[in-house]
């Protein structure tokens, strides 16, 4: 199936301490939430005496707004607590449903001057409310931010639509809707009724497939296809589009799957029909190409008709033969007038019809856009010229006509639109490149159902791969799906997904990522994740969603766009009146007037220039195009960005908080010391500790078990191989049976072995359990900690029996990256659950001066908030597993070294490589992106501020500068193209070199 926009989470986040039930979005939303005071509220919610809802609040622009909303909510009788998140535009409210209703809360917010919408309750992390679908629609005919606002308003007014977001740069809309209340066809019709073009692209519905069908040449073939589908079990509905040759099938996934459906149709037609799964991204790309080609055809048509008009006006008067023919009177007008009128009418009403349609659509929806300006300016020029001709035929007084102004205006505007389409297409190249990574086909190995032997192979569409399929990957071929190697050995190039340039060795039991390239040997892989669950598809979905998002800075452009056109029309009217009355009152000489012209015509040309030179499009494109290019560039460099909001916040980062284990360190702990302080045998001691730690998933526990195994069997296995060897260990029975195992976050583990309690952990665990730590043991542990090692104490039957020293080496780039951040004006902080001595030893080695040690996993979020109190922007860098609360609480959460286990839901940035240098890349890219956005805004604003006075003739009396309407139109067309091209310069972004940041000279 086509990838779903909603399936953004790759791996569900696991919070430390087993507190998985808490919605991570709430952790971010309630960044000032006091956990201790919330227990009673949570109990009340669970028991039904209290209710908790989230409300979407629109219109908040600053902290004062969020404070106003909070004050309005807390003043409502029955509301126990209200917390408002400005950046998320949400309010979280706990209230007594016996005293207040949902609508009362909504009304309280609206009475405070903001728009409110009750949000559906989240069912789980990363999922949509049950019963809703997320649909993606392509929308044609949008030209500026005003169009976007108009379409979003139309969509949100449809009953059953929960959420609607429209992106101008991609011409796509994402709509979350209730399929029982509204269908996708209703949404398409609503958009089309508003005067825009619309088409359904894809949805999150999992029992629908769109297939391209080859081999249908007549109505009989269509009937044969219908008969085959009617006889297939599990097929609910189907529709064949004769124009696009696409078959849409709705089926029951419990009865039939997509591959058996395709096989059934091809088999039923005895090979007559050939089917392939329609890739939704390819369909969108084809629509973009179609739009650009259509705009080019319109431009050529307008140019072809405008060139003769230009020749008649400018060239022909200098060629006597042609000029005499044009002066030949034919009826009431000269031949030249007839030709110009006919040619320009075709340009104005046939080629330029799209401007009238778009302008009427905008006005009907109560908004204005660039099309209104173009239609107004060209119509003024055209109808004035027609009026001048008719007036001359009636009175004999002939005034100059300006037909060429209208035709050349439309030609230049269409040229600008065509160039804009090409440039906007370039901004989405990242998505296209990611889509192209996935292979079109795969080799499926057919196995005997009885003994599992391979009895054949066949080539299938890669979009029809199912979980547990065994696939054959040849040398040089792309891996078709995420999976595990079951046979063979080879090196895989994963640079296109993870950014790691060095090929990775893959053998049996190694995991592989779809879209990566097999370099040498033949591999057999078992597919584990297919469709929207694959890493590649989720990266595509993430990048696409990021490109759909709006940065807060874009609100400025949206506001300007809402008042821009009425302001320009007002200025144009004032220009007309000022120049006309100034002329009639003798304020300027008649010599300024054009030949055979009058004051009205002179004023009208200035007015038309004002109308057509103003460009709201440049403002509307300044932010989304830059965000699109930046998210694409980030994805190509292994840095996944969740959207414009995250980009904007990242460029303001003042603190970066690093988790120690797995972030600053390699996360590959190894036991360096094992000392027994009793008469117990060393082997027995290690066996006891390993038995206790065998059930733990902590990296230190894995290191201890691996060390004990090596001691017993002289096995050279590493900690990375722990999971596969653990099964063998359990089977061999070398470990003791442990009962009542319990993991204590921030302390260690405890369990019973042979009926006696064993404790493995830190000092805090020993102290809380009443275990006395002798002086010689304390001194030994201190020596370990001062050498940047972690001391793990072991107590058995209420006696401390030994200590293990565990070291986790630092990443080689850690110290250089920390110094680089300091040079960039960012203050690095280290937070860890480890003891103070070990933490300070590690921090000293990397150059971090601010350390927070002995912090429980849940307490890391409190550390983040402590740095946010003064208004600073704080980033948290962690492995995305037990750091999820802190990642969510930070202004910017960065999950590093995620690989295939990306903790997307809590993080704003996902750094695919396990390399700290990408933290600098993320901050640097965000800074350069927003520098580009600011430059775009400066250009767009400066263009209008300078161009409108010039077009209005402000400098004509002193400098003699007059801008003809056709030249004004050319300037307008090129302004939006210039902004898009400015954003495209971000494609040349190169990751910063640490040598340049640190000002190191390399000889």
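Note that Cβ sites are derived from N, Cα and C of the backbone, with glycine treated the same way.
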TrEMBL annotation (transmembrane segment) - matching range among 497-517, 518-538, 602-622: 602-622
Stretch carrying transmembrane segment according to TrEMBL (options 259-285, 421-447, 448-474, 556-582): 556-582
Annotated stretch (transmembrane segment, per TrEMBL) among the listed ranges 372-394, 395-417, 625-647: 372-394
Of 223-245, 338-360, 660-682, 683-705, the range TrEMBL labels transmembrane segment: 338-360
Stretch-averaged pLDDT - the domain 'HMA' (133-199): 85
Candidate ranges 338-360, 556-582, 602-622, 966-986 - greatest C-beta contact count to the transmembrane segment (937-960) (under 8 angstroms): 602-622
Residues from the same chain, set at least six apart from the ends of the transmembrane segment (966-986), whose C-beta lies under 8 A from its own: 374, 377, 404-405, 408-410, 412-413, 415-417, 419-420, 423-424, 426-427, 608-610, 612-615, 617-618, 621-622, 625-626, 628-630, 633, 928-929, 932, 935-936, 939-940, 943, 947, 951
Helix, strand and coil totals (DSSP H, G, I; E, B; other) for the domain 'HMA' (133-199): 22 helix, 24 strand, 21 coil
